[in-house]
Amino acid sequence: MVSSQPKYDLIREVGRGSYGLVYEALVRRTGQRVAVKKIRCQAPENVELALREFWALSSIQSQHPNVIHLEECVLQRDGMVQRMLHGSSSVLYLPLVETSLKGEIAFDPRSTYCLWFVMDFCDGGDMNEYILTRRPSRRTNTSFMLQLSSALAFLHKNQIIHRDLKPDNILVCKSRDGVDEPTLKVADFGLSKVCSSSGLNPEEPANVNKSFLSTACGTDFYMAPEVWEGHYTAKADIFALGVILWAMLERITITDTHTKKRLLGGYVQRGAQVVPVGEALLENPKLELLIPVKKKSMNRRMKQLLRQMLSANPQERPDAFQLELKLIQIAFRDFTWET
């Protein structure tokens with residue numbers, strides 16, 4: 001069904017990414033506050049990133065409190081809008097799929113194509129902003145670790161490898177009462193991969209820890225050593241989360257060379273040079289990371305878990321389900337983080 005009647009009122013721009021704008025918006029019928037991401041499809045790479053995000057989020061059959069929820073995706077062409085469905089044979093949708101596959105525009109360039117993603121609205125910025133503008137809090141650290149491990153276990157259970165986990169891509173929803181810890185939501189699935197079943201039993205879900213990918217992508221300071229090589233599985237997400245948790249616990253920061261913004265992220269220091277952890281481990285798999293770097297002491301189990309997550313050998317890292325269980329055990333069995 002094609003319609004020209006808008007369902008949403010855009011209130012203000014709240015974010016600007018590499019391939020789209022994000023607005024705060026209201027649902028006209030209910031007044032519900034939502035986030036709307038607008039992506040112009042004038043470049044094949046924009047189309048590919050947008051479709052990857054759509055395919056990943058639309059493949060999820062249930063919701064998780066720590067994963068951004070896609071309410072709907074609307075395709076707009078020259079003023080006409082249509083709700084986009086995965087696998088649709090729509091004359092508006094198919095040219096976008098062809099553009100993504102071929103790497104060149106497969107529709108009339110005179111037409112204006114846009115994709116609108118309607119998602120949860122998060123009012124607390126991203127994880128970088130939240131952590132780095134507040135005093136260190138054990139309670140917050142514990143809450144965030146449990147939320148992120150739960151989100152990753154959910155994604156891997158749904159055969160989704162994120163491939164670009166970093167604090168910038170983790171959004172914060174403030175608690176209503178201002179007392180409880182905020183809710184984190186993993187977002188930005190433009191580089192994600194939905195693993196499909198293969199082998200003798202196509203009905204059996206794909207094992208993301210045995211599904212090998214070859215496209216080296218992500219953000220260098222969070223990339224696992226095997227991603228730099230171009231042969232990796234979902235264990236690369238475990239490594240990225242290890243960098244995030246390590247940086248959060250010790251307030252380790254890097255500086256974005258373009259924006260000069262301080263970001264949570266781990267690194268290896270070589271003289272005046274700052275090297276991503278994954279790159280350093282690729283060059284020297286026997287490199288022993290200094291964990292903790294800043295704190296005088298760190299919980300023994302947490303220290304051991306971080307070293308496992310950041311192992312150069314992906315086989316030595318826990319999978320997402322093991323990680324979630326280990327963090328629950330650390331959070332609820334150890335009453336102090338200092339022993």
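Backbone N, Cα and C atoms are what each Cβ position is placed from, and that goes for glycine too.
Lifted from Swiss-Prot, the feature list:
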DOMAIN    8-332  domain 'Protein kinase'
BINDING   Val14, Gly15, Arg16, Gly17, Ser18, Tyr19, Gly20, Leu21, Val22, Lys37  ATP binding site
ACT_SITE  Asp164  active site, proton acceptor
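Recorded features from Swiss-Prot, shown on the structure.
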residue	record	contacts (Cβ under 8 Å, 6+ apart)
Val14	ATP binding site	Val22, Tyr23, Glu24, Ala35
Arg16	ATP binding site	Val22
Gly20	ATP binding site	Lys37, Lys38, Ile39, Arg40, Asn46, Ala50
Asp164	active site, proton acceptor	Asp188, Gly190, Leu191, Ser192, Cys217, Gly218, Thr219, Tyr222, Ala240
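Just so you know, the Cβ of Val22 (ATP binding site) picks up 19 other Cβ atoms within 10 Å once every protein chain is counted.
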